[in-house]
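Undergrad: My structure is below; once you've seen it, I'll send some questions.
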Amino acid sequence: MPEIRVTPLGAGQDVGRSCILVSIAGKNVMLDCGMHMGFNDDRRFPDFSYITQNGRLTDFLDCVIISHFHLDHCGALPYFSEMVGYDGPIYMTHPTQAICPILLEDYRKIAVDKKGEANFFTSQMIKDCMKKVVAVHLHQTVQVDDELEIKAYYAGHVLGAAMFQIKVGSESVVYTGDYNMTPDRHLGAAWIDKCRPNLLITESTYATTIRDSKRCRERDFLKKVHETVERGGKVLIPVFALGRAQELCILLETFWERMNLKVPIYFSTGLTEKANHYYKLFIPWTNQKIRKTFVQRNMFEFKHIKAFDRAFADNPGPMVVFATPGMLHAGQSLQIFRKWAGNEKNMVIMPGYCVQGTVGHKILSGQRKLEMEGRQVLEVKMQVEYMSFSAHADAKGIMQLVGQAEPESVLLVHGEAKKMEFLKQKIEQELRVSCYMPANGETVTLPTSPSIPVGISLGLLKREMAQGLLPEAKKPRLLHGTLIMKDSNFRLVSSEQALKELGLAEHQLRFTCRVHLHDTRKEQETALRVYSHLKSILKDHCVQHLPDGSVTVESILIQAAAPSEDPGTKVLLVSWTYQDEELGSFLTSLLKKGLPQAPS
């Protein structure tokens, strides 16, 4: 029996190093190839030895798909392709292709140049890896080979993020990557059609969360920032370079303008310019409001937000700083945090999810004494706030997407086990869909049924059986019945019943051909000549001369008309249905040869 096999190499009951191996109808696809931000050893990368035991990666894998540019989804890609060894195609969207190498290089600099880590990929490896990338457009069906095809859908989340449908014959899997079902200030909501895959693999980061009103969260965020700077404190907002950063910058920019505030706002050097460049380049990926106003005003060119210099961190007085990365695991955000953590007037606002092992996760879990590098202990006196501006779907959004796609089964990844368990039960009870949540290295096998049960109406069955007993008709019947699909159930009914159920009127499509004849007689006389001629030739057909002057041969209609510009010429209009195309073509050819001379 056909089956789909899924093995998470990363993100199984876990957030970080997303990497899911899918086998579908004899094809093997790797979905994402991320790194875990909470580890600095071999655990940061997925365990690729699971694949390589039986030979070369390229021989086993048909393709790799990257859903978006976040490092927990693409961070291990150069290691995988250049160090482990994979030469096959890597698919991603155009914005992901543009932004991915920049973030990989930024992270490489932190890991190798600053921390001196060994066994890490080089700048050249990033370039060589990106040469294997095939960029895809949204809703474009891409043939990976003769049997395997993939298609990208808009996922929201970050610029260029996509959900992917993987299809082989009648079997299909949809992988969501990270997505957001709520539009925000710069991106639209995720969308997928009713594609009814055998399996939907969905993220479950916020599996138990139902978010409050976005407007309340924004108001709360602005209030906390404003109160902190009013009392002379500094606000650190750790973000990733693209995504929540732009969302919160637009929010603060508007508030600063409205309140006429003079407190400086800074953003990590260089990244603002890069972000601006890519949002301009890929403006079709943003939401409708930004696309409409972009010609008059670029929402990403900020009047109040300036580039940050590391010397500014020691300046007296209030300020707001957006610094990367978003989980306080390295880089500029961690450096600033260490400087400001000891002052209770200051505040750090964590706007997104932090994986276990990162400083961000530790302070959100309540730790206030942190062991840093070199066994230094950092005491955190600054206020710590968590405000979810995360661009992940909440429980309501995940349920909405499952309902939209109508899969046969659901598999949860990219989430914590306890939260997954809650969502698994919710999906199974409310949507009556089987749901799985494998751990890393655990394989889920799903049998797929290539047959679809179809109900048939008794009336149609009786009619077809009676038709089968009759001698073969001259003309083949083009339509025996109509397949109706409703609520995932299929029924075969007669075409008359289908029209009645759907409230549709029957239409007939006819083809008309013009035949020119030289004839000075009146139209009625020409039609009579046509009737006599055809009656004498077509002994086995029903030829009739109707009261209105037209001629019929079976269902074929022939009418004579006189063009006003040439009274000596008559035009015969020969029309037929698709069913009688053969007879219609024959009559047209016959009439084009002309009519026999009538006795004078």
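Cβ coordinates come from backbone N, Cα and C, glycine included.
Remember, predicted model here, so these are calculated numbers, not experimental data.
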Undergrad: Which one, D47, D87, D178, is listed by Swiss-Prot in the same Zn(2+) 1 site as H68, H70, H157?
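TA: Swiss-Prot names D178 for this Zn(2+) 1 site.
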Undergrad: Pick from 403-413, 469-479, 502-512: which range has motif 'Nuclear localization signal' per Swiss-Prot?
TA: 469-479
Undergrad: Given that Swiss-Prot lists D72, H73, D178 as binding Zn(2+) 2, which residue among H304, H329, H361, H414 does it place in the same site?
TA: H414
Undergrad: Look at each of the recorded positions, H70, K381, and point out the one with the fewest other Cβ atoms around it within 10 Å.
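TA: Sparsest of the recorded positions H70, K381 by Cβ contacts within 10 Å: K381.
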Undergrad: What other residues of the same chain, not counting H68, H70, H157, D178, have a CB atom within 8 A of the CB centroid of the Zn(2+) 1 site?
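TA: Other same-chain residues near the Zn(2+) 1 site: S67, F69, H73, A155, V158, A161, G177, Y179, G243, A391.
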Undergrad: Give, as a single whole number between 0 and 100, the mean pLDDT over the motif 'Nuclear localization signal' (469-479).
TA: 57
Undergrad: About how far apart, in whole Å, are the alpha carbons (Cα) of H73 (Zn(2+) 2 binding site) and D178 (Zn(2+) 1 binding site)?
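TA: Here the two Cα atoms are 9 Å apart.
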Undergrad: Look up H68 (Zn(2+) 1 binding site) in the DSSP assignment and reduce it to helix, strand or coil.
TA: coil
Undergrad: If you measure from the CA of H414 (Zn(2+) 2 binding site) out to 10 Å, which recorded positions from the list H70, H157, D178, E203 are inside that radius?
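TA: Of everything listed, what lies within 10 Å of H414 (Zn(2+) 2 binding site) (Cα to Cα) is D178, E203.
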